[in-house]
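Here it is, the structure in full.
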Amino acid sequence: MHTLTFQQPELDRLANLDTYTIIDTLPELEYDDITHLAAQICGMPISLISFIDRDRQWFKSRHGFLPLQTDRHLSFCTHAIQQPDKMMVVSDATQDRRFSENPLVYQKPGVIFYAGVPLVTEEGWALGTLCVIDNKPNQLTSAQAKSLTILARQVVTLLSLRKKTGELERTQENERREHSLRSLLINTMKEVVFQARLDGNWLFLNLAWETITGYSVAESQGRLLLDFVIEDDRPRIQTYLEQVRIGQQPLDQPVVRLSHKTGSIRYVEVFIRQTLNKHQEADGLSGTLTDITDRRQAEAALRESEERFRQIADNMEEIFWIRDLRECKFLYINSAYEAFSGLSPQPLFSDETAFLEFVFEQDRNTVLRAFQEVEQSLSYQFRARHRDGSWRWLRVRAFGIHEEGGRPSRRIGISTDITSILEKEHTLEETLKKEQDLNALKSQFITTASHEFKTPLTTISSSVELVRYYLSREPQTPFTALLTKHLNVIFERTTGLDALIMDTLTLSKLDEGKIHVLLQKIDLVALVRQVIVSDFTNREDSSQVAVSVLGDPIEVSIDAKLMSHVLTNLLSNAFKFSSTNPRLAIEFSEHTVRLAVTDQGIGIPEKDLTYLFGKFFRASNVHQIRGTGLGLAICKEYVELMQGYLEVDSTEGIGTTFTITFPLKG
């Protein structure tokens, strides 16, 4: 097809054609009857109703002609519409320079004769033609020409009717849409929207009515609003209705209670106004019912919450206050302020700095700086004059409340009288100082006493060893045997006293924090074997330690010296309180390493287990066995210094297991 360029008049004509929505519609009998009648009247084989579109002429009705459309530039009708007020007649197209070379002339259908009446709309635009065609030269009689013109007007009438019908249908569809939209909007509103007669009978209710009351719209229409109002509230709504009916519009919207279908009560806010007819006469009522039940409940809950807050705040011993930072004033001060100062808080609500006259003069700058801080949470203290005239210390904790945008809006504070606390702290500090002095004196005494005891004990032990040596070189007599026995007792007692002194010194160092701990990665299994070889081989009773290792051994972060002391103590106890070989099990797992020393000895009474690691404590069943009562206390503290813990599990008469656990750090 040819691409055509149009001037504005043609563009306007095409726009007018579009308003009739006729192009590409299906065949219609009314139009086909006209082309059939035109062909019969004019005695022509072909009759067409054509419309000139942008690049084609399209046929709404075809009589004796098959193509649905042809190119616009070949169209006879394109020429015909150039003179909208007259019929175009071409008697012999072969002799007309405009059409002689047109394919429609010398090819099928062989358009030789053409007569076309422009279809001119009421807007004055020629949209197409009603035309008749013959394949030989011909002429129309005046009667035929008039009839063709009349039929063309009928086509225009059909077009106009079509347009108006379409516009009406579109208007009705738009109205239906608007009505549906209004209904949708009204029925999605939370408020009840209603219309009623002047007597109050419902004419229309939206679906919110069903939600609020539980009654369906169908069963409610035709009834009065008063039918659903709680009896006690009816006089109030009746008065409101009477005022509206006579043309008054009360400023206040009454709140009444409606009875829900289930028997529950709903609070609604009522708004009603007159509806006027075209003569501005009242012919009905319309309005809304807003369910405010949740709001009333929330308000009641808020009032209850505020009351609880006041009950709590007014019964606090601390002074509690709230400040509005925008208005620069106190919003609330509890009764503790008056209890403390003996003064009413009322002056502070008009002048928030009035309390400063009761602040100790040297502390006022501190209080003012804190008072001016609105962002940071603060804790500060100052002195204030009590109602009895004394100066009391107050500790204030203040923090801010921020709006959604982050701007501080309020400041909340709690002021606590800490005078007695400070006095107690002072007393406690003095007590602690005295205790520290006593501990220092105790440590000095233990060190001095230990030194004073250790020197003669060393002399006694040396003398006993020397006498025993000389007796061993003399002939054995009953006297030498008795003397040796007594010397052994003396040596044993001095050894026990020496152990007690050493343990006491160790505990003193622990109390003073003077035990140096050096944690290093140690081969624990090797350390255990070293302790056993050093201290527990070649025993007189031939007993020995049974060692077992579970898991994959790894190096453990411990103090070798402290660990050796702990192992020696636990194994010594195991030998001391059992006649069988003790067992030492080392277990390596993913997160811990455990050492368990187990004996099958006399065990520990259950009542003694709680106190076993106490200083100088000995189990009730070991009085005949020598010991200081300090060894396990030292072991426990050593293990804890190495970041482990020591536990005991024992059954009297069966045996005891001491377990050391060290967490493994990844």
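Note: Cβ is positioned from N, Cα and C throughout, glycine not excepted.
Feature list, courtesy of TrEMBL:
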DOMAIN    177-248  domain 'PAS'
DOMAIN    249-304  domain 'PAC'
DOMAIN    305-381  domain 'PAS'
DOMAIN    378-430  domain 'PAC'
DOMAIN    448-666  domain 'Histidine kinase'
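How buried are these features, and what lies next to them?
When DSSP labels each residue, the domain 'PAC' (249-304) comes out as 12 helix, 27 strand, 17 coil, counted as helix, strand and coil in that order.
Summarised by DSSP class, the composition of the domain 'PAC' (378-430) is 12 helix, 30 strand, 11 coil.
For the domain 'Histidine kinase' (448-666), the model's pLDDT averages out at 78.
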Across the domain 'PAS' (177-248), what are the DSSP residue counts per state (helix, strand, coil)?
41 helix, 12 strand, 19 coil
